[in-house]
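Asker: Quick one: the structure is below, and I'll ask about it shortly.
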Amino acid sequence: MAWLVLLGLLLCMLGAGSGTSDLEGVLPPDPHNCPNKCVCAADVLSCAGRGLQDLPAALPATAAELDLSHNALKRLHPGWLAPLSRLRALYLGYNKLDVLGRGVFTNASGLRILDLSSNLLRRLRTYDLDGLEELEKLLLFNNRLMHLDLDAFQGLSMLSHLYLSCNELSSFSFNHLHGLGLTRLRTLDLSSNWLGHVSVPELAALPTFLKNRLYLHNNPLPCDCSLYHLLRRWHQRGLSALHDFEREYTCLAFKVAESRVRFFEHSRVFKNCSVAAAPGLELPEEELHTHVGQSLRLFCNTTVPAARVAWVSPKNELLVAPGSQDGSIAVLADGSLAIGRVQEQHAGLFVCLASGPRLHHNQTLEYNVSVHKPRPEPEAFNTGFTTLLGCIVGLVLVLLYLFAPPCRGCCRCCRRACRNRCWPRASSPLQELSAQSSVLSTTPPDAPSRKASVHKHVAFLEPGKKGLNGRVQLAVAEDFDLCNPMGLQLKAGSESASSTGSEGLMMS
């Protein structure tokens, strides 16, 4: 009996083991397996700085960001990104890639950021970047690029930032932009290259939003008058590329490296450059002024009819028919732009981008729209009411003047105040008499040595004055109070004292 139990247990164990092996054959491999020498964190796969000379054999399908920078990779295999359908960012900087090849990005249609900086790339061919329709940022700086195919960036319709600095490029087509479109591109970095010639008309034809971040500093540009006027105008307009790297914009005065001078600091080199040497380099932007709530329509007037017209709003939104996402801006069938009710958010630079087979190059037109708030209407001023009020006040004042008697108490107060004053009244007859009085004596002042008193001011009445006979003396005391004329004292001299009683004082 014990042997039977042991045999049953052995059979069960064998059955369980065979079932487990069958399940292992049916289940797919774990997609979260992390490659050797790499670090996996959620949707991030980092293999940076591991000394890899070849690509990892198995990559997890959940990776949205893959970092392979700071390794020793020399080649990328076609279709190596096929398992990574969610990939959005790929970093391949600081490797030893000298060529890309056909089909290396075929299965990376969702890629947004591609970093190929600090490698050994010498040439970019037309098919090297195929399959990157959604790419927005491409970093190619610090390579050895000497040549770009005419359509090297063909198909990158969503590219907005392109960095090509620190390479060996001696030319660049600003007319064609090597297959790039103007509708999305906002940053173009060509600094620190070997650009010895640039087409000034092609530069001038670029839209302002691209000029704002077009970096051309640290290039052996010639000290050309037309280029000088163009860059100086950009500098005066305050474009970021010129403002941020003002001192790095240099040119060669004598076509030798030792003759490098700064554009905006050595005016003597350009003293013979007149404005007439570069007429019409840029079409001035049209200034438009409108008010909130009004309607606005902008026309893309090109030299010849354009096959394709697009607009760029002040918020860098690409506007094609039917219009903006919020519906406030419409692009009509003729290519014009219409705004039904202007708001403050519509202020800024509108750029029209026109292209077509009949145009020699893509044309741009710019409208700088200023939106003003409507002035509040002043409150209505009721002139009739104010006129009536003024008439009533004037009538009351006239009636008071005509019929209101003066205040007697006020008169008494005025008289009392006048008595208390210490200066003479101008209309007093006694004061007039004192002013015309004279001092007479029996002894005439015939002696020349006789002097009048220095303490009294006297006046002699004319001899012909009637009624005085030259004998009446009016003497006023020095301490006489002019405010109290009743205290006047008449004093007779020693010789005329007896005659004053009989003859008396005669006043008229």
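Just so you know, glycine gets a Cβ as well, placed from its N, Cα and C.
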Asker: Consult Swiss-Prot and report which candidate among C251, C273 shares a disulfide bond with C223.
Answerer: C251
Asker: Among C40, C47, which cysteine is annotated in Swiss-Prot as forming a disulphide with C34?
Answerer: C40
Asker: Quick one: among the disulfide-bonded residues C225, C352, which has the most Cβ atoms sitting within 10 Å of its own Cβ?
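Answerer: That would be C352, with the most Cβ atoms nearby.
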Asker: Spatially, which candidate from the recorded positions C47, C223, N272, N368 is nearest to C40 (disulfide bond), comparing Cα atoms?
Answerer: C47
Asker: Which state, by DSSP, holds C251 (disulfide bond): helix, strand or coil?
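Answerer: SS state of C251 (disulfide bond) = strand.
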Asker: Determine, using Cα-Cα distances only, which of these recorded positions is closest to N107 (N-linked glycosylation site): C223, C251, N272, C300, N368.
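Answerer: Answer for the nearest of the recorded positions: C300.
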Asker: Quick one: of N107, N272, which of the glycosylation sites has the smallest count of other CB atoms within 10 A?
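Answerer: Among the glycosylation sites N107, N272, the sparsest Cβ neighbourhood within 10 Å belongs to N272.
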Asker: In whole Å, how far does the CA atom of N368 (N-linked glycosylation site) lie from that of C300 (disulfide bond)?
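Answerer: About 14 Å separates the two Cα atoms.
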